[in-house]
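According to TrEMBL, the active site, charge relay system annotation covers Ser239, Asp331, His366. What TrEMBL records for 212-421 is domain 'BAAT/Acyl-CoA thioester hydrolase C-terminal'.
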Amino acid sequence: MAQTVTPILSVHPTRGLVDEKFKVALENLPPRFPVTLHSLHRSEDKDYWEAFGYYVSDDRGRVTVSEDVSLGGTYTGAEPMGLLWSMRPVPGSRTGLRLRKMDVRSPMVVLISVYKGHVFEGFREQPPMASAVTERWYMAPGVQRIDIREGAVRGTIFIPPGPGPFPGVLDMWGGGGGLVEYRSALLASHGFVSMALDYMSFETFKTHDECLSYFEKVLSIIQQHPQVIKDRVGICGLSLGATVTLTMAAYCKSISPRCCVSVSGSHVFPYGVSLAEVFQFKEMDMGKARLDEQKRVIWHDMILPIPTDPQRKVAMGRIKCPLLVVNGDDDQNWATVESAEDMAKMMRAAGNDHLLTTLTYHDAGHLIEPPYIPHFRASNFIIQHSKQKVVMLWGGQTKPHSDAQEDSWEKILAFLRQHLYPCPSSSLPQAKL
């Protein structure tokens, strides 16, 4: 009579922050028994995402994902978080998907299951041997979320738990527009009052001075919040948000950031123009855009060669605060590596290059996000100024890009703590759930 195999599957923690590692383990298997560990998530858009790895139990009938090697699947090797970062849409899904958490007040729920043998399809059509659920949160318990509507300013402030006051961070995303909150919620979970900003309202920015006035007002909103240490406000931006970050650091007069983080951005931004006018310049450069063999849009060459005319670039010599620049060398969306090299050259010439730290990750693409968010080499995108729907090529290879996200996030948090917290070693709240 065949022996019934009843494995014990555990996932710890069952509730955790999205950047917190979990431990997945199996017990009570026969020795040298092949199994597939599978993760499944249903997104807010009702799409299903999955990842899976092939394992063989040890002589005691155990599998420990953080130590044992996956022999195949969507990831290979000893990868504690492979069941998250290697997620991809299930077969038959819509094309060009990107997994993003829009409602940070609810968790990302992931179902972890174990199947007999090494399986590559039909997971939802067969019963698993065992399953467990884990919740991944951007907001730690006690984090407050507050809508901000002051004149033209539209955003969300996240406040850490505890008495405060805390350092502040202005958080800006790229040219896709909209209010993107998940990185801000996670920053608040790590002890920073963070404001996610929807700044892509072209009608607001008629002139360069109006742009600067708008962003100075945003910084003052953060600075004047009673839970914020007034002289310890930084800025973090990705893509176009990084370009705006550099512009603010160089030209804002009434209020200056304490430090800045630029992720996948460029300093190529004509002086004295508004954001709306920048998009007009971009339209003129569209002749340099190209398509790959799959008709995916590549913008990398649009700002190349990097201009020599200083009027076409942010005056990097004017930046007086520490600056962390994070890029991937397979960025197909923007010439970020070439930009970083020129930024460093400009800062050396001005004598402020001691403020610059540059991280360049091999085979990472444009969308360098918090850890364990799945890598997207390409995804659907709406070009804001033309409303054209395209598939944008971001670049990157899954494993190195995911490693870059994990490493850069740790370094971004350390950078912000170093320059924003008065006593980094003793003042940090605990963020784990």
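From the backbone N, Cα and C atoms, a Cβ is placed for every residue, glycine too.
The Cβ neighbour count for Ser239 (active site, charge relay system), using a 10 Å radius and every protein chain shown, is 25. Under 8 Å, Cβ to Cβ, and six or more positions away along its own chain, Asp331 (active site, charge relay system) finds Ser264, His300, Val337, Ala364, Gly365, His366, Trp394, Gly395, Gly396.
Counted within 10 Å of its Cβ, the other Cβ atoms near His366 (active site, charge relay system) come to 28, all protein chains included. Computed over the domain 'BAAT/Acyl-CoA thioester hydrolase C-terminal' (212-421), the whole-number mean pLDDT of the model equals 93.
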